[in-house]
Amino acid sequence: MTLSMVVFSSSLSLSQLELPSRVKLLSLRATPLRNTSTIVSIGKQSQSHLRPISNFETGNRIGFGITIRPRPEQCIWNKSMVVSGLVRASKREDGLPNKFGGGIVIGSGLTVILAVMNRVLYKLALVPMKNYPFFLAQLTTFGYVAVYFTILYLRYRAGIVTKEMLALPKSRFVAIGALEALGVASGMASAAVLPGPAIPILNQSFLVWQLVFSVLILRRKYSGNQILGCLLVTAGVILAVASGSNEGQFMSQVDPLWPALMIASTAFHSVASILKEFVFIDGAKQLKGKPPDIFVVNSFGSGFQALFVFLLLPFLSNLRGIPFAELPIYLKSGAACFLNFGGDLLDCQGAPLLPLLFITTNMAFNISLLNLVKMTSALVASLASTLAVPISIYVLSLPLPYMQHGTNLNISFIIGSAILVLGLTLYNLPQPKDELKFN
C-alpha cells in the first residue's frame with residue numbers, strides 16, 4: 001500500500017490542496033489549542049491514525065513519517081502541518097523507498113527472462129569456446145569493470161550519480177569483491193573434482209545461505225510459509241536437476257571435502273549478495289533517503305572482485321589445468337578463437353556472435369538482478385533467478401542452433417518444477433501485519 005502526503009506552508013488554503021484520491025478531507029474543527037485541524041481518512045471504510053515520526057527538511061517542504069494501524073481512529077493535523085503535495089511512503093521497514101509498485105513484478109519477470117537467456121547463451125557460447133572457458137570467464141570478469149565504470153562516469157556527468165554516492169565507504173565493496181573472488185576460487189577448485197550433475201544441485205544451497213545471512217546481517221525476520229517456500233524451491237530445483245542424471249550413486253566415490261567446498265563457495269557468494277543489499281539500505285540512510293545508484297555498487301564491487309581474481313590467477317589457472325607460465329599463450333589463443341580470426345579456428349564456428357550475445361545478456365542480467373535487489377531484497381532476486389533453472393533445462397532440451405540434438409525430460413523434472421513453483425507461490429503469499437510503518 002502506498003500513501004502520499006505533503007506539507008506546504010500554512011498560508012495556503014485547503015481549497016488549493018490537491019490530495020490523492022484515496023485521501024479525503026472529512027471536516028475542519030477547532031482544537032482546545034485554538035488551531036484549525038484537518039481530519040484525514042484513508043480508504044473508503046477504514047480510518048488510520050497518522051502521527052509525525054520524524055521531520056526532515058527538503059527545501060521548503062517538511063515530510064512526516066506515518067504509522068498505519070488497523071484500528072479506526074481519527075487523525076488530526078494542526079494548521080502548522082497543513083497537508084499539501086506528496087511525500088511517498090513505503091511499506092519496506094529497511095528505510096528504502098518503495099516507489100516501484102508494479103515495477104517489482106515487471107523487474108522480477110525481466111530478471112527471470114534474462115536469467116534463462118543467460119544460461120542458454122552461455123551453453124551456446126561454449127560451443128565455439130569449448131577449449132577456452134577460462135578465457136571467457138576472465139574476459140567477463142575484467143571486461144565488465146571497464147564497461148561498468150564507463151557507464152558510471154556517464155551517469156555522473158549526467159547528474160544521476162552524485163559525489164555523495166561516490167564517497168560511500170569502500171570497505172564494503174572490498175569485502176564484496178573479496179567474497180566473490182573466494183567464491184570463484186573455491187567453486188572452481190571443487191568443480192574440477194565433482195561430477196557434472198552434482199554441481200547445480202549443490203549450488204542450490206545458495207538460497208539457504210541467504211536466509212541465514214539475511215537474518216544474521218540484516219536482522220530480517222521471515223514467516224513460516226516464507227521459510228517453507230524457500231526450502232520447497234530448493235527441493236524442486238534439486239529434483240529437476242537430478243532428473244538428468246542416470247549415473248546412480250554419482251557422489252559415492254567423491255571425497256566429502258569437495259562437496260563441502262562447493263557449498264562454501266555458495267556461502268561466499270551469498271554473503272556478497274547480502275552485503276550489496278546492505279549497501280543499498282545503509283546508503284539510503286547516509287544519502288537522506290536516496291539509495292545509491294546500482295552502477296556505483298556494480299562498478300566498485302566488480303572492480304575489487306577483478307583485483308582479487310587477478311591476485312589469484314596463478315592458483316585459478318592451475319585449477320583449470322593451465323600452468324601459469326603458459327597462461328599468456330592460452331589467453332592469446334582464446335582471444336583468436338573469440339574473435340574467430342587468426343590461428344587454427346576449426347573448432348571456433350559461431351564466434352564471435354555467440355560469445356558476444358552471451359556477454360551482452362550476462363551484463364544485462366547482472367544489472368537487472370542488482371536492480372531487483374535494490375527494489376526488493378537479495379533473497380527475492382535469488383528466487384527469481386532460481387525459477388530460471390528448470391526453464392533453462394527445458395529450453396536446452398530442445399534442438400537449438402549449433403546444438404541440434406535435443407533430450408527428453410522425465411517425470412522427475414516435471415514434479416521438481418511443480419514443487420519449485422509451489423515454493424515460490426508459498427513464499428509470496430500476503431503476510432498479515434498488525435502494523436505497517438511508512439518512512
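Note: Cβ is positioned from N, Cα and C throughout, glycine not excepted.
So that you can see what the record holds, here are the features copied from TrEMBL:
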TRANSMEM  100-122  transmembrane segment
TRANSMEM  134-154  transmembrane segment
TRANSMEM  174-195  transmembrane segment
TRANSMEM  201-218  transmembrane segment
TRANSMEM  227-245  transmembrane segment
TRANSMEM  257-275  transmembrane segment
TRANSMEM  295-316  transmembrane segment
TRANSMEM  353-372  transmembrane segment
TRANSMEM  379-397  transmembrane segment
TRANSMEM  409-429  transmembrane segment
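Counted over residue pairs separated by six or more positions, the transmembrane segment (201-218) shares fewer than 3 Cβ pairs under 8 angstroms with the transmembrane segment (353-372), which leaves the two as not touching. Taking Cβ pairs closer than 8 Å, the transmembrane segment (100-122) reaches residues 2, 354, 357-358, 361-362, 364-365, 368-369, 371-372, 375-376, 380-381, 384-385, 387-389, 391-392, 395-396, 400 in its own chain, all 6 or more past its ends.
Just going by CB pairs under 8 A, the stretch in 134-154, 227-245, 257-275, 379-397 that sits most against the transmembrane segment (409-429) is 227-245.
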